[in-house]
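Under the heading transmembrane segment, TrEMBL lists 27-51, 63-83, 103-124, 145-165, 198-227, 239-262, 274-293. Feature annotation from TrEMBL assigns domain 'G-protein coupled receptors family 1 profile' to 42-291.
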Amino acid sequence: MAEGNWTRVNEFILMSFSSLPAKIQSLLFLTFLIIYLVTLMGNNLMILVTLADPMLHSPMYFFLRNLSFLEIGFNLVIVPKMLGTLLAWDTTISFLGCATQMYFFFFFGVAECFLLATMAYDRYVAICNPLHYPVIMNQRTRAKLAVASWFPGFPVATVQTTWLFSFPFCGTNKVNHFFCDSPPVLKLVCADTALFEIYAIVGTILVVMIPCLLILCSYTCISAAILKIPSAKGKLKAFSTCSSHLLVVSLFYVSLSLTYFRPKSNNSPESKKLLSLSYTVVTPMLNPIIYSLRNNEVKNALSRTFRKALGLRNCIP
């Protein structure tokens, strides 16, 4: 399209939940604010406890710290701006701000997919090769696995964001979402986006399916190993070490799949917004709760940390 036929967009308007009554939006603001604060507190606490307690310096909790750090970043990218739009403080977002938000959304989303796969591999080694676990998952190996989990987010986010924002935008600048996700922004483009859409679909499938297949392979081997354990108590103990991760994986992948892989006829903007809330707002809050409530080591570490804090406080004159 010739440059004379389109106007350069300098900012976008996030429609968020503007179709709802003002009272409902105020209620949503309070709800999401509480969830946001709980998310930050829970994930920061998980990082601090797993760093402070020597009993939690195993590879499993190293990856859990990475997950908590990732969830904090995910929330910081999306939720503060969404809270502002709910109270109509500022529903606009600059062209660069929208591109930056989308970039980090892709980056953290891809990183989480691969990090969950890495955590599944860690559980595989712990259960299928328990005697060699400390040797296999040494500090060097776990650092490499963490880097390998975070790295794919960079090329995926760079290519998809740069390509999308190189298109011309014309007409309305209203993004029918509470953050700059690819599909609603793509609707504002005034150019042929067929090739980009093919790339986006193939890229999304690969990014989701490759880690998902790795997780399935890991848990297939884990299940086979657990079935070979003679005692019911031993089976239950082995399964309990994986239950938290399985629940987190299920929450993340179910909400992600429902958002991006549903037929377009069933994928209205409002329903997509609600589904997007599940993995952008709710799941990051639930992850530290799941790991703390279903893990005795974390609960004991939290108890020890609070007792030390209270003990130090009592020593202050």
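Glycine residues also receive a Cβ, built from the backbone N, Cα and C atoms like all the rest.
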(message) Suppose I define contact as three or more CB-CB distances under 8 A, residues 6 or more apart in sequence; do the transmembrane segment (198-227) and the transmembrane segment (63-83) meet it?
(response) no
(message) I'd like to know the mean pLDDT over the domain 'G-protein coupled receptors family 1 profile' (42-291).
(response) 88
